[in-house]
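Have a look at the structure below before the remarks.
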Amino acid sequence: MKNEKKKSGIEPKVFFPPLIIVGILCWLTVRDLDAANVVINAVFSYVTNVWGWAFEWYMVVMLFGWFWLVFGPYAKKRLGDEKPEFSTASWIFMMFASCTSAAVLFWGSIEIYYYISTPPFGLEPNSTGAKEIGLAYSLFHWGPLPWATYSFLSVAFAYFFFVRKMDVIRPSSTLVPLVGEKHAKGLFGTIVDNFYLVALIFAMGTSLGLATPLVTECMQWLFGIPHTLQLDAIIITCWIILNAICVACGLQKGVRIASDVRSYLSFLMLGWVFIVSGASFIMNYFTDSVGMLLMHLPRMLFYTDAIGKGGFPQGWTVFYWAWWVIYAIQMSIFLARISRGRTVRELCFGMVMGLTASTWILWTVLGSNTLLLMDKNILNIPQLIEQHGVARAIIETWAALPLSTATMWGFFILCFIATVTLINACSYTLAMSTCREVRDGEEPPLLVRIGWSVLVGIIGIVLLALGGLKPIQTAIIAGGCPLFFVNIMVTLSFIKDAKVHWKDK
């Protein structure tokens with residue numbers, strides 16, 4: 001009994017350092033919000049301007065890695081001895097479900113406005129050229145390129161899981177082939193794990209910081225409850241309590257059902273927007289945007305605007321590449337676990353095709369709807385953002401649709417469920433990563449899960465208190481920097497080990 005307790009307890013070397021670091025940063029921020037904003041702007045400017053090029057090269061190199069996996073010597077290697085655990089249709093659907101978070105609904109609805117109002121390549125704001133490139137850039141940031149980078153890491157984790165039979169819950173476990181067991185399980189591995197956990201905590205906090213205002217703005221629209229920071233804090237607290245109840249009462253099956261409901265409701269809501277917003281325009285705009293993407297792809301890949309210094313690639317491309325980097329390990333572990341029994345080529349093609357289709361549908365439908373509302377002068381989005389904030393502008397893009405009350409109820413339920421499942425996933429992932437010897441099928445300790453959900457909630461509230469998108473963007477970029485190196489090490493470790501255990505034929 002005593003040994004069992006020790007077995008399922010926290011791992012101090014990866015539990016306390018992230019807790020202390022994040023706690024201190026939150027305390028310093030709350031002490032002086034104005035000073036924190038000054039630091040945030042300085043960090044954002046330094047990382048994006050000095051190191052933005054590194055993120056762009058990272059994505060390009062990982063894209064070449066994808067081609068190597070698909071057409072190279074390992075293409076037909078199978079990730080595990082068993083047949084695929086899920087049918088291809090179920091597999092693709094699970095991938096789509098992983099894309100329908102509230103943060104995705106946030107960016108999908110409003111991103112195009114920023115691209116049109118502050119366009120790249122020196123284009124005139126709100127011009128025809130800016131509108132033509134707007135959706136194309138969304139398809140670039142949320143298309144095959146980032147999913148190709150994820151597929152490389154997913155193959156790496158699937159290899160360690162199902163071929164090498166390793167129990168990987170932290171990135172240091174995968175580094176044994178690269179740095180040796182002594183370093184992977186020693187101080188070096190501990191530092192790597194702590195980088196991963198601190199970055200992941202901030203990433204999850206930013207997702208919560210994006211999702212919460214959508215729910216509270218829905219409540220204001222539906223029930224007339226004024227949206228305030230206090231209301232945001234109350235809603236986050238309610239979610240944390242709900243998550244604790246679900247975990248304590250063994251209602252995880254209910255959470256999984258809620259996740260399925262979220263996916264089906266996403267299909268329903270997107271279908272509704274597609275039909276009533278203007279299906280023919282959406283398809284024409286999408287087709288045109290794919291052409292624009294293909295025409296400008298080389299420049300987009302390497303665009304740093306070093307001469308014009310307009311700030312577009314730093315504010316968006318580097319930010320999104322950091323977003324993809326920071327979520328890469330967590331997402332790739334999930335995608336690897338549902339891909340047992342598939343070949344390397346199947347996993348790479350399935351991810352790029354299935355997940356690109358998911359994100360392109362989301363961004364095309366929601367972005368086109370926002371553009372139409374702007375062009376028809378139904379919404380004055382700049383005024384809404386200036387007077388009420390970004391979340392209100394997003395809500396109004398949904399409220400402007402026919403049957404607005406029913407539409408808003410659907411959007412409210414979708415955002416609420418998406419955030420409940422987000423907090424549940426956050427607490428589970430962090431608890432699994434900071435506990436000792438928790439195996440698949442076992443639950444990490446209740447108090448640890450609740451503790452992490454509380455900390456993620458606090459970060460979300462702190463980011464909301466800072467106001468605007470810049471703190472959220474900076475948190476992602478700062479967290480993405482250390483993960484940039486961790487992802488590269490995991491990739492190199494896989495390549496080195498595969499050369500031994502998957503000998504070229």
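Including glycine, each Cβ sits where the backbone N, Cα and C put it.
Note that the structure is a prediction, hence the values are computed from the model and not measured.
For 10-30 (among others), the entry in Swiss-Prot reads transmembrane segment, with the evidence type sequence analysis. Within its own chain, the transmembrane segment (10-30) has Cβ neighbours under 8 Å at 36, 170, 190, 193-194, 197-198, 201-202, 433-436, 445, 448, 455, 458-459, 462, 465-466, counting only residues six or more beyond its boundaries.
If you look up Swiss-Prot, you'll see 51-71 (among others) marked as transmembrane segment, on the strength of sequence analysis. Beyond the transmembrane segment (51-71), the same-chain residues lying 6 or more positions past its ends with a Cβ under 8 Å from any Cβ of the stretch are 145-146, 148-149, 151-152, 155, 301-304, 313-314, 317-318, 321-322, 324-325, 344-345, 348-349, 352, 480-481, 484, 487-488, 491.
Remote same-chain residues near the transmembrane segment (92-112) are listed as 86, 134-135, 138, 206-207, 210-211, 214-215, 259-260, 262-263, 266, 331, 334-335, 338, 350-351, 354-355, 357-359, 362-363, 365-367, 369-371, 381, 390-391, 393-394, 397-398, 411, 414-415, 418-419, 422 (criterion: CB distance under 8 Å, separation of at least six residues from the stretch ends). According to Swiss-Prot, the transmembrane segment annotation covers 92-112 (among others), on the basis of sequence analysis.
The feature transmembrane segment is assigned by Swiss-Prot to 143-163 (among others), with sequence analysis given as support. Long-range neighbours of the transmembrane segment (143-163) within the same chain, counting only residues 6 or more positions beyond its ends whose Cβ lies under 8 Å from a Cβ of the stretch, are 58-59, 62-63, 65-66, 69, 77, 79-81, 173-174, 293, 301, 320-321, 324, 328-329, 331-333, 335-337, 339-342, 344, 347-348, 351-352, 355-356, 359-360, 487, 490-491, 493-494, 497-498, 501-502.
Look at Swiss-Prot and you will find 195-215 (among others) tagged as transmembrane segment, backed by sequence analysis. Panel annotation: around the transmembrane segment (195-215), residues 14, 17-18, 21-22, 101-103, 105-107, 170-171, 227, 232, 235-236, 323, 326-327, 329-330, 389-391, 394-395, 411-412, 415-416, 418-419, 422-423, 426, 429-430, 433-434, 452, 455-460, 462-464, 472, 475-476, 478-480, 482-483, 485-486 of the same chain, lying at least six beyond its termini, place a Cβ under 8 Å from a Cβ of the stretch.
The transmembrane segment feature in Swiss-Prot is assigned to 231-251 (among others).
The transmembrane segment feature in Swiss-Prot is assigned to 263-283 (among others). Packing against the transmembrane segment (263-283) from elsewhere in the chain are residues 93, 96-97, 100, 361-362, 364-366, 368-369, 372, 401-402, 407, 410-411, 413-414, 417: each is 6 or more residues past its ends and has a CB under 8 Å from a CB in it.
As annotated by Swiss-Prot, transmembrane segment applies to 316-336 (among others), with the evidence given as sequence analysis. Sequence-remote contacts of a segment are chain residues at least 6 beyond its ends whose Cβ falls under 8 Å from one of its Cβ atoms, and for the transmembrane segment (316-336) they are 47-48, 52, 55-56, 58-59, 79, 95, 98, 114-115, 137, 141-142, 146, 149-151, 153-158, 161, 168, 171, 196, 199-200, 202-203, 300, 303, 347, 351, 429, 473, 476-477, 479-481, 483-484, 486-487, 490.
What Swiss-Prot records for 347-367 (among others) is transmembrane segment, and it gives sequence analysis as the kind of evidence. If one looks beyond the transmembrane segment (347-367) by at least 6 residues along the same chain, the residues whose Cβ comes under 8 Å of a Cβ in the stretch are 66, 69-70, 79, 88, 91-92, 95-96, 99-100, 104-105, 108-109, 111-112, 134-135, 138-139, 142-144, 147-148, 150-152, 154-155, 158, 270, 273-274, 277, 282, 285-286, 289, 335, 339, 397.
Sequence-distant neighbours of the transmembrane segment (403-423) (same chain, 6+ residues past either end, Cβ-Cβ under 8 Å): 100-102, 105, 204, 207-208, 211-212, 214-215, 218-219, 221-222, 239-240, 242-243, 255, 258-259, 261-262, 265-266, 268-269, 272, 395, 453, 456-457. What Swiss-Prot records for 403-423 (among others) is transmembrane segment.
The transmembrane segment annotation in Swiss-Prot covers 446-466 (among others).
Long-range contacts of the transmembrane segment (475-495) within its own chain (CB-CB distance under 8 A, at least 6 residues past either end) are made by residues 43-44, 47-48, 51, 54-55, 58, 62, 65, 152-153, 155-157, 159-160, 171, 174-179, 192, 195-196, 198-200, 202-203, 205-206, 318-319, 321-323, 325-326, 328-329, 459, 463. Taken from Swiss-Prot, the feature transmembrane segment applies to 475-495 (among others).
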